[in-house]
Amino acid sequence: MFECVQTIIFFGVFFAYLLQFSSASVVSTGDYNKDFFVTWSPSHVNTSVDGRARNLKLDNYSGAGFASNEMFLFGQMDMKIKLVPGHSAGIVVAYYLTSDQPNHDEIDFEFLGNVEGQPIILQTNVFADGFDDREERINLWFDPTKDFHTYSILWNIYQIVFMVDWVPIRVYRNHADKGVGYPRWQPMSLKVSLWDGSSWATGGGKDKIDWSKGPFIASFGDYKLDACTWTGNARFCREISSKNWWNLPKYSTLSSSQRRLFKWVRKNHLVYDYCQDNSRFHGQLPKECSLPKY
């Protein structure tokens, strides 16, 4: 019965997003060659003839990465990703927004590989004005190496919502008025990379990449960048309008169905939350930990 209810909720959220996108202003073309440039190791980047799919390769010579041509201030980013199968210990796939400034802002999805038979861990993090230490980790409720799944970042003037197949897994609210850092002024580009994180990614660095099992391939499919393209005017991107649909009041918090899914993820799949790590912060948890998420 519970699974049936969850399925109904999921499809309700999914179709609501489909309706939202029908009236939104999408700034991406769907062609990796047109919307992104390769940031490093072009020999390890393979793009389909039509530009609709891209693979990154990691071997003992190099990883690879690409970044959006444009920078954005608020919006929603969706990308279908299929992760490295089999023994992926030490491997990191990163999908994130970053401002690349000295006191930079950043919104991270990081997929941390694991030894064969153990689940890949999804880590999220938020940097604001150069400060991070806001990691959360979950185990996904499916095998992310078997098929493509959609990973989304909704970033607006009210909140940041991390979503997996439209299910909200994390919310970081704008509590700047209470002295909490929030990415709200610096435009960010979208970046994707595949790299060697053996020093920390799996078992705290205990399990490293087994290069004999390489090369390792991460795959990227359909994507959508529905955001305010940076032109130097922050006020334009902060406007509340139909074009900037993400800033409308209805997106200021999670819907009731999203809250139920969010609570389900937190109860069943959360494996680390910095807001529960008293020893790390010596009993002085960051201020946002005591403030509401929605």
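Placement of Cβ uses the backbone N, Cα and C atoms for every residue, glycine included.
As given in TrEMBL:
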type	residues	note
SIGNAL	1-24	signal peptide
DOMAIN	1-220	domain 'GH16'
ACT_SITE	E106	active site, nucleophile
ACT_SITE	E110	active site, proton donor
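All chains included, 20 other C-beta atoms sit within 10 angstroms of the C-beta of E106 (active site, nucleophile). For E110 (active site, proton donor), the same-chain residues 6+ apart in sequence whose C-beta sits under 8 angstroms from its C-beta are V92, V93, A94, Y95, Y96, L122, Q123, T124, N125. Mean pLDDT of the predicted structure over the domain 'GH16' (1-220): 91.
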